[in-house]
């Protein structure tokens with residue numbers, strides 16, 4: 001049904017006065033035809049096109065109300081009535097001359113139409129991807145309703161004496177028709193509406209302590225399609241029970257987290273009080289230090305003066321009072337019962353905090369396991385006192401603890417928001433599906449069942465809302481200095497909006513890149529760089545620098561494609577990589593960075609060729625690649641908030657974590673980036689030659705063999721080829737150390753085999769003997785088989801012979817299975833590209849470099865192709881475990897986690 005209001009503006013063109021008399025007659029309004037030819041061309045297949053097109057579909061405009069006072073006519077456009085905007089409304093009581101009409105212009109104030117979107121698509125677009133299996137299976141229930149519709153028998157004709165005809169007389173008698181229809185419905189309908197179905201609720205206790213409510217529906221009245229209806233309500237009960245159980249488990253988990261965080265916040269406040277009191281004592285002690293020393297020298301007691309002892313005892317007693325207060329609140333300290341003292345009389349103990357059982361949540365299980373599972377924990381918030389009697393509580397550790405607790409509150413609030421969304425979407429789904437059932441069955445069964453749904457746990461419980469309000473108040477008070485606006489920036493960060501300017505510049509730089517690259521090809525052909533053997537120096541000096549930027553730009557482009565595909569398939573990559581939603585790089589930004597970078601590189605290459613052809617000295621021209629490299633490094637480390645500073649600094653921080661792999665906890669983004677480096681070994685080799693070229697000042701002498709013939713340069717080739725695999729192997733060792741999972745050691749073997757194969761291939765390139773050829777074949781085949789197995793089985797989760805999708809996996813993000821089979825074939829072919837080092841399809845020196853660049857580009861493309869399926873598999877693992885919120889490690893450890 002589409003409704004709109006047409007406001008008429010009466011423009012009287014008739015003569016009011018004739019023969020000196022102002023005789024007014026009846027007034028007739030002629031509504032002009034609505035010209036919708038432009039809309040028909042565009043929206044002929046939509047609802048608005050069908051409803052507003054009299055030629056395509058005959059419909060009527062039903063005038064339901066006429067307001068003479070405000071000159072308004074309300075029209076309801078019904079799909080079952082003829083639409084005709086050329087009609088006449090007769091206003092009685094007016095005085096105009098006979099057979100005279102006044103022209104009326106209609107101005108459409110609110111004539112609108114809205115294309116309806118199927119709720120199933122809306123639900124699919126708005127649901128939480130990690131909790132998808134816990135939502136109502138709306139599509140399955142809708143299929144069951146279609147079965148009911150197919151098996152439905154024709155119903156007898158209506159017994160109402162007054163037929164409900166769609167067109168009841170003239171428009172002016174519509175209110176009379178409505179009144180008669182209402183009177184007949186009340187007269188011939190029963191006073192009491194019998195219940196069609198009965199929903200029973202029973203409690204089950206499977207685990208002994210956990211009591212769950214189970215809903216079961218029984219049909220009170222018989223349906224013509226009773227079997228299908230029973231199946232529908234049985235499945236509807238299953239969905240309702242599933243939603244209730246999941247909501248209850250998540251609610252219990254979040255409430256337990258909230259209790260733990262409040263306990264942690266109380267401990268933090270007590271420790272801040274200890275630090276504040278100790279600062280006050282240090283200030284007062286420094287003022288009386290000299291007087292105490294002089295009195296000690298004049299005293300005959302070597303053990304100290306009574307004033308000194310009393311001060312020490314008072315300090316100890318104050319500390320003991322605070323510790324006893326913490327213990328009364330349920331906080332236990334290690335060795336608190338047998339605390340020893342230092343020579344100065346201060347307590348010597350380890351103040352590692354224990355979160356007791358009382359704060360583990362109502363069920364004592366879920367929330368406590370979260371506190372126990374935190375791997376990165378604060379070993380000792382309070383250090384043992386030094387021999388010099390220094391502070392044993394530092395401000396840095398207090399700030400670190402506060403930051404960890406603040407982040408945990410933010411994640412808790414985010415999880416509560418997701419659970420609230422989960423509840424509202426499922427409620428809408430139940431309402432929609434029951435209305436569909438009423439429409440198909442012709443019965444009013446939705447009201448009784450919806451009453452049960454509204455009384456169920458996931459809609460009636462208000463713990464989530466109350467906890468959200470409590471978190472807001474706590475966060476505003478303790479972390480935002482009572483500034484609610486500041487607190488909401490942390491709790492509800494605004495998502496970045498797509499800018500059309502970014503899209504415009506992506507297209508602009510793409511066109512510039514294509515144009516400049518075409519110009520470069522023409523100039524290179526005219527100068528004979530790729531055909532003449534005399535231009536070897538160009539390929540040895542300029543090619544390595546430009547190839548670095550080209551491979552980097554290609555990798556950035558592939559990453560932009562990954563971001564686009566992850567967003568299109570609703571893979572939550574920001575959660576997987578733990579990126580901030582406000583500063584995470586979007587696919588348009590990645591494309592902008594790649595196209596801008598590549599345009600600058602190709603522009604520099606064109607300028608380089610033009611200056612060479614213009615007769616400039618090679619010493620001056622060959623500095624252009626070095627200048628470009630310096631500009632890139634300067635932009636990367638630029639401290640100003642420009643050029644995507646959060647992304648640049650995140651990239652530098654990840655590189656630091658990779659290089660120092662054994663000393664940092666390995667996150668998903670760390671080993672993901674390390675895998676990217678294993679595909680950029682040619683880029684690292686080019687960086688080595690570029691650094692040697694400029695540091696040895698070979699651009700002045702053009703002796704490019706200076707670096708290649710050096711022993712250090714040749715040895716560094718092994719180190720650079722080994723480094724990405726070594727860093728990745730160290731990450732596997734660290735993950736095995738942290739998680740005690742032997743799969744990480746097996747994964748380390750893959751990188752060790754790749755390291756050996758890379759070293760053997762470098763040696764074979766220098767010593768082409770049969771022995772090294774056999775070594776290359778053996779090591780490369782073993783490494784390739786190892787890598788292919790890990791790619792398909794572990795990283796992608798494919799090649800499952802028992803899967804419902806042959807040789808894939810049960811859950812697939814992409815609907816077309818052929819994409820997966822094609823990807824397996826492409827990854828297999830590109831993994832064996834090392835065969836080129838044995839066959840050596842080389843014609844001359846220039847083409848050899850071009851072939852190496854082509855193989856390096858194919859490896860980057862393979863890695864970008866691999867990235868999508870790797871993150872897809874990680875996303876499906878999160879979906880399988882319903883992980884939608886990060887578990888933040890807390891600063892105070894549960895004592896059960898100690899060994």
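Even glycines carry a Cβ here, placed using N, Cα and C.
Checked against TrEMBL, the range among 623-644, 645-666, 667-688, 689-710 recorded as transmembrane segment is 623-644. Looking at 731-750, 751-770, 771-790, the range annotated in TrEMBL as transmembrane segment turns out to be 771-790. TrEMBL assigns the feature region 'Disordered' to residues 280-319, out of the candidate ranges 240-279, 280-319, 320-359.
Range with TrEMBL annotation transmembrane segment, chosen from 436-457, 458-479, 480-501, 502-523, is 502-523. The stretch that TrEMBL tags with transmembrane segment, taken from the ranges 405-427, 543-565, 566-588, is 543-565.
Of the candidate ranges 819-839, 840-860, 861-881, TrEMBL annotates residues 819-839 with the feature transmembrane segment. Across 502-523, 623-644, 771-790, stretch 502-523 shows the highest tally of CB pairs under 8 A with the transmembrane segment (590-611). For the domain 'EXS' (708-899), the model gives a mean pLDDT of 88. Through the fold, the transmembrane segment (502-523) approaches residues 588-589, 591-592, 595-596, 598-599, 602-603, 605-606, 609-610, 613 of its own chain, all at least 6 residues removed from its boundaries and within a Cβ separation under 8 Å. Away from its own ends, the transmembrane segment (771-790) comes close to residues 747, 749-750, 753-754, 756-757, 760-761, 763-764, 827-828, 831-832, 834, 837-838 of its chain (Cβ-Cβ under 8 Å, at least six residues beyond either end).
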